[in-house]
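The annotation transmembrane segment is assigned in TrEMBL to 12-35, 90-110, 116-134, 181-204, 211-231, 275-292, 299-318, 330-348, 360-378, 384-403, 415-435.
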């Protein structure tokens, strides 16, 4: 019996329908799960930085990342609703991932258009794996999400790009350019890596075409120039913004120098990580093998494996597996269990000459996808493998390319559905871990039961009782002392951008005045030097005297402010246990300026002296 005939047999057709249904069901479960908990929890450092940057990015004249300007219109459109902002980020990322998956499946196996239902189910199912981005449950738009979205856009463009000058290639070129622009706005380091990777891909895949490349470059440069004028009014000031952002960032000593970025990181898997990867590989390969074999019994085995994978996802979503075993920081590398299964299936069923049907372009895009997570991670001071897991979706796409000869032979991607279900199960374990152990939060988000309205737009989030009380106490103490939304605040706690956002304060100097680094005081001095004396004189001061990230109050003297002599104690409260990632509670104090005229005079005198 020919393979094509075998594919049309009743067991295979029935199994295909069942797996399509399971894949669509798992897709809806995961998407609904993430959206449901989008209003749960908040983190007091990084997420505050993201919110402050998005809500009012124009008050700072330096920044190495411009994600705040990109997302600011969305923030305004949604009325500053944090939950809605998170949901928009989720849906945009999912839609782009789905578009890329669909484009890839059609590009490497055009015959698969014959079954649009399976094609769309596979693409949507694969797209849920992009939620690995949220493995720390930081759902608010950030430079991380923008970097990933830029890579998704660029990848769609590269798949559409052909040497011939036609509408598809023109659209692909423009998408490559737009993706490059977004990457630069997110992380210039990622943009640089992406530019090199794209050029090498176009040359190796024999798709290089000068006119189209110039169009792609133009499509990146034009929006970048427009951004420069919208943000700073001139290209010169925009370049100065970038230079200052880079210079100030290096003051911190946080591991972001060029030599520190050019490194090769390693990873290590504990016993549970290895076992999970092996189980994922085994279940995936059995399911794919059974579907591709010619025996009805094997197809039934494949369906059983697929149902088992679906049940893992469903049980996690419905909370029937309350805690995932401690799998370590490289848990997401279990995606490679799926990739290995895809590679082995390509070898086993690509006989007599495995992978013969893969062109140079196919190998080129597969290799590019393999290194794309490292492009995403490039520039961070975190282990590149650990950070790259958030873009692990691309590893899956690389594995899928290896299966394209089989898809072309069968004119269908039905056999891919077990692999998609496996990827969804891995994604569900990552999301479950994120929900149970959210970044710098003390408890499972499922235990949060205290709704609170926070920020200038009074967005409702559901927090733990301790976090809700912490924010309420701080906001009430400030309000009782005469603090008004929009009043400037100098954050000497070194770790409270979210609290300032919750108060409705204007966080002057920087979106997050980062403490805890050897160069934090130097950084704080530099950024506060960009603030007008009038703003400094009117600013309140948040202090956390014994905090692990506290910035020394000598900073105030460097600005001409006599602290605490020219300030009045306005309120005291305790942080929640776990806030900022520290178990112990700390005392924070708020001070109100009572002699701004003296501070203004002293500040101007110091700056005049420095200018001499």
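Note: Cβ is positioned from N, Cα and C throughout, glycine not excepted.
Fair warning: this is a prediction, and the values are worked out from it, not measured in the lab.
Here the transmembrane segment (116-134) does not lie next to the transmembrane segment (299-318) in space: the count of CB pairs under 8 Å, restricted to residues six or more apart, is fewer than 3. The stretches the transmembrane segment (90-110) and the transmembrane segment (384-403) are in mutual contact, each linked to the other by at least three Cβ pairs under 8 Å (pairs 6 or more apart in sequence).
Fewer than three CB pairs closer than 8 A are found between the transmembrane segment (12-35) and the transmembrane segment (330-348), and contact between the two stretches is not assigned (pairs 6 or more residues apart).
In terms of C-beta pairs under 8 Å, the stretch of 360-378, 384-403, 415-435 lying closest in packing to the transmembrane segment (330-348) is 384-403. Of the ranges 275-292, 360-378, 384-403, the one with the most Cβ pairs under 8 Å to the transmembrane segment (415-435) is 275-292.
Same-chain neighbours of the transmembrane segment (275-292): 12, 15-16, 19, 269, 298-303, 305-306, 308-309, 327, 331, 333-334, 336-338, 340-342, 344-345, 348-349, 406, 414-419, 421-422, 425-426, 429, counting only residues six or more beyond its ends whose CB sits under 8 Å from a CB of the stretch.
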